[in-house]
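Undergrad: Got these off Swiss-Prot a minute ago, pasting:
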ACT_SITE  101  active site, nucleophile
ACT_SITE  199  active site, cysteine persulfide intermediate
BINDING   6, 7, 8, 9, 10, 11, 12, 13, 32, 125  ATP binding site
DISULFID  101-199  disulfide bond
SITE      126  site 'Interaction with tRNA'
SITE      341  site 'Interaction with tRNA'
């Protein structure tokens, strides 16, 4: 097969590309330039997709012995990921930009261009597995190394996208093994640290970054009864489940800490309450997709496990499609669910699909 290897400049994508070559594929490496911000256009800058990352990717491609290109996807990234991130926070939601990048850039824009150029598949360094069932359908599964499993952030992929995707690291038992393999191959990125920041906010100051773009308008902090108990300097800076940074000048009557329960951008208010009020009995979202054949017909409940964060434990649940939404009821309450988060549903290790959470029903009445 002709394979386009997406090379971020890190160790995972470099080893994935090398394994694709070893498997006998005709491989071409490509690095995606996703930002034109001055802070990313010099060596030593943090985040991903910097000039230094591009240089690391090129060195890896040279060692592996494959052609290498840099493609400018910065405009598409700004529109589909950065602008979406700003819009979601402005609406009082908590988005996951990595999932949006996978959905709109790596497995949409990049894959579309790859197919147009005659490639058969896109290869990445994600830790996930693709399994072909008895009927020849490709299924997305968790990686062998659950500690590094990234199937959650790939939950947005459709069956058509999975048909043209390769994840060579899915069967690798540990990241240490990947680093050892990179060193044995002579790849200089073998000891390169992982990137954990949002790539377009490399200093990690999400609150300050949003304030520059959304603005910071003083508003009220309310308790669950609607009583004003404090003020904030911009509702966009808060997310459901947050405890730190609340400007409340006196303790709650029972002395227990308060947590953000809701962000209301329309009236610029933040609602807080006790930790148990974060327990959620049901979540639902209208923007859902399946990673293959839907597990059940509409209005028919099906058993699954639901995961609402990249490294959260899956929780047994019952889900169904009803009223144009994917509705999920966990067997035990979920904690700290924010609108805008993604709920990925599994059957064992297999990813069934996902939805962006629009609403969350509290398990604790007001």
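Glycine is treated like the rest: Cβ placed from N, Cα and C.
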Undergrad: If we check Cα distances from residue 101 (active site, nucleophile), which of the recorded positions 6, 10, 126, 199, 341 wins as closest?
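TA: Sorting the recorded positions by distance from residue 101 (active site, nucleophile), the top entry is 199.
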Undergrad: I'm trying to understand the geometry here, so how far is the Cα atom of residue 8 (ATP binding site) from the Cα atom of residue 341 (site 'Interaction with tRNA'), in Å to the nearest whole number?
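TA: Given the Cα positions, residue 8 (ATP binding site) is 25 Å from residue 341 (site 'Interaction with tRNA').
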Undergrad: Compare the C-alpha of residue 32 (ATP binding site) with the C-alpha of each of the recorded positions 126, 199, 341, and give the closest one.
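TA: So, of the listed recorded positions, the one sitting closest to residue 32 (ATP binding site) is 199.
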Undergrad: Where the distance is taken from Cα to Cα, which of the recorded positions 6, 10, 12, 199, 341 turns out closest to residue 126 (site 'Interaction with tRNA')?
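TA: Answer for the nearest of the recorded positions: 12.
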Undergrad: Can you count the other CB atoms that lie within 10 A of the CB of the residue listed as 'active site, cysteine persulfide intermediate'?
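TA: The residue listed as 'active site, cysteine persulfide intermediate': 22 neighbouring Cβ atoms within 10 Å.
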Undergrad: Under 8 Å between C-beta atoms and at least six apart in sequence, can you list the same-chain neighbours of residue 6 (ATP binding site), or say none if there are none?
TA: 13, 30, 31, 32, 106, 110, 122, 123, 124, 125
Undergrad: In Å, rounded, how far does the Cα of residue 10 (ATP binding site) sit from the Cα of residue 199 (active site, cysteine persulfide intermediate)?
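TA: With the alpha carbons as reference points, the distance is 13 Å.
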Undergrad: How many whole Å apart are the CA atoms of residue 12 (ATP binding site) and residue 199 (active site, cysteine persulfide intermediate)?
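TA: Computed Cα spacing between residue 12 (ATP binding site) and residue 199 (active site, cysteine persulfide intermediate) is 17 Å.
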Undergrad: Please classify the secondary structure at residue 341 (site 'Interaction with tRNA') using three-state DSSP.
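TA: In three-state terms, residue 341 (site 'Interaction with tRNA') counts as coil.
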Undergrad: Between the two most separated Cα atoms in 6, 7, 8, 9, 10, 11, 12, 13, 32, 125, the residues recorded as binding ATP, what distance in Å do you get?
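TA: Per the listed residues, the maximum Cα distance equals 16 Å.
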Undergrad: At the level of the C-alpha atoms, what whole-angstrom distance separates residue 341 (site 'Interaction with tRNA') and residue 199 (active site, cysteine persulfide intermediate)?
TA: 18
Undergrad: Taking the Cβ of residue 10 (ATP binding site) as centre, how many other Cβ atoms lie within 10 Å?
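TA: Summing over all protein chains shown, residue 10 (ATP binding site) has 21 other Cβ atoms within 10 Å.
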